[in-house]
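Look at Swiss-Prot and you will find Cys54-Cys66, Cys55-Cys62, Cys59-Cys65 tagged as disulfide bond. Under the heading pyrrolidone carboxylic acid, Swiss-Prot lists Gln53, citing similarity to another entry as support. The annotation 4-hydroxyproline is assigned in Swiss-Prot to Pro64. Annotation comment: Swiss-Prot describes Cys66 as cysteine amide. Here Swiss-Prot flags 1-20 as signal peptide.
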Amino acid sequence: MMSKLGALLTICLLLFPLTALPLDGDQPADRPAERMQDDISSEQHPLFDKERQCCTGSCLNCWPCCG
């Protein structure tokens with residue numbers, strides 16, 4: 001019984017692989033260019049202190065943190 005289920009599963013996966021499923025169009029992985037534009041680097045963060053090379057204040061989106 002188990003070998004029949006295994007054979008059926010193998011045949012189904014060969015005929016319809018999981019990679020054939022369409023991905024959702026609004027996933028960030030589908031649009032790496034937009035994801036890169038939305039990403040703000042630490043040097044461009046408004047709390048980044050260029051002299052000390054760290055972030056002052058809140059360290060939620062900025063790294064390294066001055067502490």
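Including glycine, each Cβ sits where the backbone N, Cα and C put it.
Cys54 (disulfide bond) is surrounded by 17 other CB atoms, counting those within 10 A of its CB over all protein chains shown. Here the Cβ of the residue listed as 'pyrrolidone carboxylic acid' has 11 other Cβ atoms within 10 Å, regardless of which shown protein chain they belong to. Counting every protein chain shown, the number of other Cβ atoms lying within 10 Å of the Cβ of Cys55 (disulfide bond) is 21.
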